[in-house]
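Okay, so here's the structure we're looking at.
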Amino acid sequence: MGGADAGAGGFYDAALHKRETLMGKSGPSALIKNFRVFRIALFACIGGVLYGYNQGMFSGILAMPAFERHMGEYVTDSTKKGWLTAILELGAWIGTLLSGFMAEVLSRKYSVLVASAVFMLGVVVQATAVTGVGHDAILAGRFITGMGVGSLAMIIPIYNSEVAPPEVRGALVATQQLAICFGIMISFWIDYGTNFIGGTSPETQSDAAWLTPICLQLAPAVILFIGMIFMPFSPRWLVHHGREEEARQVLSSLRGLSPDHELVELEFLEIKAQSLFEKRSVAELFPNLREQTAWNIFKLQFVSIKKLFQTRAMFKRVIVATVTMFFQQWSGINAVLYYAPSIFKQLGLDDTSTSLLATGVVGIVMFIATIPAVLWIDRVGRKPVLTVGAIGMATCHIIIAVIVAKNIDQWESHKAAGWAAVCMVWLFVVHFGYSWGPCAWIIVAEIWPLSTRPYGVALGASSNWMNNFIVGQVTPDMLEGITYGTYILFGLLTYMGAAFVWFVVPETKRLTLEEMDLIFGSEGTAAADFERMEEINNEIGLTRILRGESSNTTGTPYETLPEKGNASEHSDPIRAV
């Protein structure tokens, strides 16, 4: 791209080094330093607990005789069983598509409240299945519940990334996956315990065995709804909607610094500069949509999504987000989570209680394996973790396929082989837990500019949910029809995922959004944008601060930062770690 681009790259390196000096190290020490933000993110991630609990809970319920009494062929027929399971993902896909508009109009905070209410409604509808409505109530309830968790899965990573300082942003976004894993883990063990209510035989097992896990979802949903009322708004959303003084106060509170502290002022002006830039760009490109009315924002979401496909640089972001989520789902993780008891029965664990116990171990190992990602993802980076994780998962699939192919009709006489396959399932979940679970969502949340972030994340998340739906729908038929071929298919696709990450996905660790523009190739088309941004930076005083021309409260000068260069390098409202 020539010398100019090389110079720009050197500028970015210098700016990144300066920020790292100011921010300090990433990792556990940074989490302790920013515990206030971490606490808020943990609370917001109750939405992840809701989703994870719903995933894991239903896999155990499908194996309960009392549930089969109410569902009939929707449990015994593999295709209908797939529909009963996967309709949650279909609802989540629709919820995700609606959430981009909702997050912009209502705010991230209020959108979480709406999504929580929808989730609770879906749980109530599912509980009515015990009255004799049967599979219709489960289908309708899971669809409504899916709309809630789909919205939460999109909005909460945005909220986390927008309240977090850059040195811990990746770890905070990763807490979303940790929350999902925690929800999965407790749901498996709750299923294991409630399975014994009334006994485990089809004749004696009580309806409470499956109704209790369903209704327990209401508890964290109510906590999330009530608690989120007291959480702060995203400072980025506040600035973008003209509530600047409130945004400054929120930043001050989140960072634990006074409102006039130099770092609070710098971050506030960066946010404001990017917001003004986006507004003026919209006014120039789409003058009829310049007013921030609900109807204009609704129309703008379609314009923004269309914009993602119109330039090579933005289309590359689309490819990275959607294909990463494709490979995450076709790794087979949700095939395991949705149908773990059925899979373990196929591997020789015929007893329902034993298969539920083995499923409980899945939840524990996934939760434990996700913790290192939360603590060290900002040091190690995304690409190596994703690549190693994909190779590990794919290898486990191939080993399982070989074991099943050799022993599928003789598990009784080859129990050791069955347990070896079960151990490979557990190891597969470990590889997913530290890699594709958190890292895929981190990439989707951090690669988009402010104006297109809700719609870009929605596009990536919609890829996740649609592929999730397909995997959930076809897995029962695949396990019944091609048996060990299911694992071969997942294994080959996951090897392809490793190659995709290594050769296509750029490393995004500790990069600003402007540096991402550089690596995605959009800087060559941004001459007019740079000029507009420089004008805004001068207008609001950001350039003056970056040159060290204003005093500051701590005496730390900014003279070491570049004087001009590309002004947009300091306009980043959300530094992507």
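A Cβ is built for glycine as well, from the same backbone N, Cα and C atoms used for every other residue.
Taken from TrEMBL, the feature domain 'Major facilitator superfamily (MFS) profile' applies to 40-509.
Annotation source TrEMBL lists transmembrane segment at 40-63 (among others).
For 83-103 (among others), the entry in TrEMBL reads transmembrane segment. Taking Cβ pairs closer than 8 Å, the transmembrane segment (83-103) reaches residues 54, 58, 62, 71, 74-75, 111, 114-115, 118, 122, 135, 138-139, 142-151, 153-155, 158, 297-298, 301, 338-339, 454-455, 457-458, 461-462, 465-466, 468-473, 476 in its own chain, all 6 or more past its ends.
The list of residues near the transmembrane segment (110-133) in space but at least 6 beyond its ends in sequence, with Cβ under 8 angstroms from a Cβ of it, reads 44, 47, 50, 70, 91, 95, 99, 102-103, 140-149, 151-152, 155-156, 159, 207, 211, 214-215, 217-218, 221-222, 224-225, 228-229. Summarising the annotation, TrEMBL assigns transmembrane segment to 110-133 (among others).
As annotated by TrEMBL, transmembrane segment applies to 139-159 (among others).
Feature annotation from TrEMBL assigns transmembrane segment to 171-190 (among others).
The feature transmembrane segment is assigned by TrEMBL to 210-233 (among others).
Residues of the same chain lying 6 or more positions beyond the ends of the transmembrane segment (318-340) and with a Cβ under 8 Å from any Cβ of it are 55-56, 58-59, 62, 85-86, 184, 188, 308-309, 355, 358-359, 362, 390, 393-394, 397, 425, 428-429, 432, 436-437, 440, 443-444, 447, 456-457, 459-461, 463-464, 467-468, 470-472, 475-476, 479, 486-487, 490, 493-494, 496-497, 500-501, 504-506. For 318-340 (among others), the entry in TrEMBL reads transmembrane segment.
Within its own chain, the transmembrane segment (355-377) is flanked in space by residues 27-28, 31, 56, 59-60, 63, 170-171, 174-175, 177-178, 181-182, 184-189, 191-192, 195, 336-337, 340-342, 344-345, 349, 385, 422, 425-426, 429-435, 437-439, 442, which lie at least six positions past its ends and keep a Cβ under 8 Å from the stretch. For 355-377 (among others), the entry in TrEMBL reads transmembrane segment.
Annotated transmembrane segment per TrEMBL: 384-405 (among others), in sequence order. Here the transmembrane segment (384-405) has Cβ contacts under 8 Å with residues 327, 331-333, 346-347, 373, 377, 417, 420-421, 424-425, 427-428, 430-432, 434-436, 439-440, 483-485, 487-488, 490-492, 494-495, 497-498, 501-502, 505 of the same chain, all six or more residues outside its ends.
Here the transmembrane segment (417-443) has Cβ contacts under 8 Å with residues 157, 170, 173-174, 176-178, 180-181, 320-321, 324-325, 327-328, 331-333, 336, 340, 343-344, 347-349, 358, 361-362, 365-370, 372-374, 377, 382, 385-386, 388-390, 392-393, 396-397, 399-400, 403-404, 406-407, 411, 464, 497, 505, 508 of the same chain, all six or more residues outside its ends. Residues annotated as transmembrane segment in TrEMBL: 417-443 (among others).
The transmembrane segment annotation in TrEMBL covers 484-505 (among others).
Positions annotated as region 'Disordered' by TrEMBL: 549-577.
Residues annotated as compositional bias 'Basic and acidic residues' in TrEMBL: 566-577.
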